[in-house]
Amino acid sequence: FSEEAEPPEEGRHEEALMGELSELVQQVVKRSSWWERHGIDDSIIALNFLILPAGFLCLRSNTALLFLLGIFILGIVHHTVTVKGSHSASHNALTESKSWGKVWAIFFLEVCSAFTAEQAYYNHVKLHHGYTNVIRLGDSSTWKLPFLNRYVYMFIAPIAIPILTPLVALGLLKDVELKTALRTLCCMFLGLYSHYWLLVNVSGFQSVWSALICMLITRSLLAHPYIHVNIFQHIGLPMFSADKKPKRIHLMSLGVLNLPRNALLDWSFGHSIISCHVEHHLFPNLSDNMCLKIKPIVSQYLKKKKLPYNEDSYMSRLQLFLHCYEELMVNAPPITELVGIQ
């Protein structure tokens with residue numbers, strides 16, 4: 001593919017397509033109740049907090065089955081709060097109030113996830129969403145660790161996410177104001193120490209190391225699909241240079257992929273990360289439930305206009321990444337230039 005300049009009439013045509021799709025989606029949003037727009041997802045997150053005490057109490061048991069159930073509960077709650085909750089909060093999708101949205105972002109990202117809210121917003125919302133699959137901006141290259149071989153990266157390295165996340169956050173604090181850095185440090189400490197304190201005082205762990213190991217296990221319970229999903233849905237799809245990227249509707253339809261619905265991952269990560277990722281990138285401020293609700297409209301519209309609507313299975317993407325790991329995760333991606341639609 002090659003292209004020298006963007007014909008103005010084609011640029012206007014793409015803007016008209018995005019405008020038409022946005023109007024269709026807005027009609028659905030306006031007809032939807034608060035429960036559909038925010039209530040369902042807020043309730044899922046709240047329910048996770050309600051079952052959290054059961055997880056800590058199960059860890060007191062000497063029965064292997066109950067102990068493993070406690071690990072499972074804490075792991076699911078952790079990932080629902082830190083992935084679904086943090087992701088939704090970063091897009092202000094949990095509430096219609098911007099002030100409360102800021103509070104929830106700090107709570108979910110800094111207290112629960114041990115990360116910095118400002119840098120998460122900048123890197124995810126501003127760069128990844130603003131420049132999806134644009135080289136050196138939103139190309140998902142931060143997920144690449146080319147010094148690791150395919151099996152270490154795909155199956156061993158994810159276990160280290162609970163350790164790496166706060167370390168990366170500490171490194172990013174140099175880019176924020178001092179008061180913001182101090183707030184983030186306090187929130188991170190509160191979240192991590194609270195988890196440790198509950199394991200010792202509620203679950204009855206007798207040693208520091210046993211509590212820390214339990215924290216690592218529960219916080220990495222779904223780390224493998226978390227890493228996999230984040231690379232499956234963008235890497236390996238068309239990448240663009242900043243000066244020749246297509247308009248928004250083509251950028252998102254070409255550079256984003258949906259995975260099939262999965263009960264566990266839908267609950268823990270949210271529809272916008274799993275089966276409605278295309279919809280989420282087109283309309284990032286919508287909640288998970290609303291992304292699911294507009295999915296038929298978006299898919300039908302893109303297909304009707306003969307635009308890409310990328311879908312693939314988890315196992316298919318896993319096999320692709322294992323087979324083409326060097327090409328996808330080590331080498332620089334080829335730059336796609338489109339003819340006739342930019």
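Backbone N, Cα and C define each Cβ position, glycine as well.
TrEMBL annotations: computationally assigned, not manually curated.
The transmembrane segment annotation in TrEMBL covers 39-57 (among others).
Within the same chain, residues 44-45, 48-49, 51-52, 54-57, 108, 112-113, 203, 214, 217-219, 221-222, 226, 264, 267-269 sit at least 6 positions outside the transmembrane segment (63-82) and bring their C-beta atoms closer than 8 Å to a C-beta of that stretch. As annotated by TrEMBL, transmembrane segment applies to 63-82 (among others).
TrEMBL lists 65-311 with the feature domain 'Fatty acid desaturase'.
Among the features that TrEMBL reports, transmembrane segment is placed at 151-173 (among others). The list of residues near the transmembrane segment (151-173) in space but at least 6 beyond its ends in sequence, with Cβ under 8 angstroms from a Cβ of it, reads 113-116, 119, 145, 181, 184-185, 188, 192, 215-216, 219-220, 223-224, 226-228, 318, 321-322, 325, 329.
As annotated by TrEMBL, transmembrane segment applies to 180-198 (among others).
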Folded-back contacts onto the transmembrane segment (39-57), same chain, C-beta under 8 angstroms, at least six residues removed: 33, 69-74, 76-77, 80-81, 84-85, 88, 93-95, 198-199, 202-203, 267, 270, 287-289
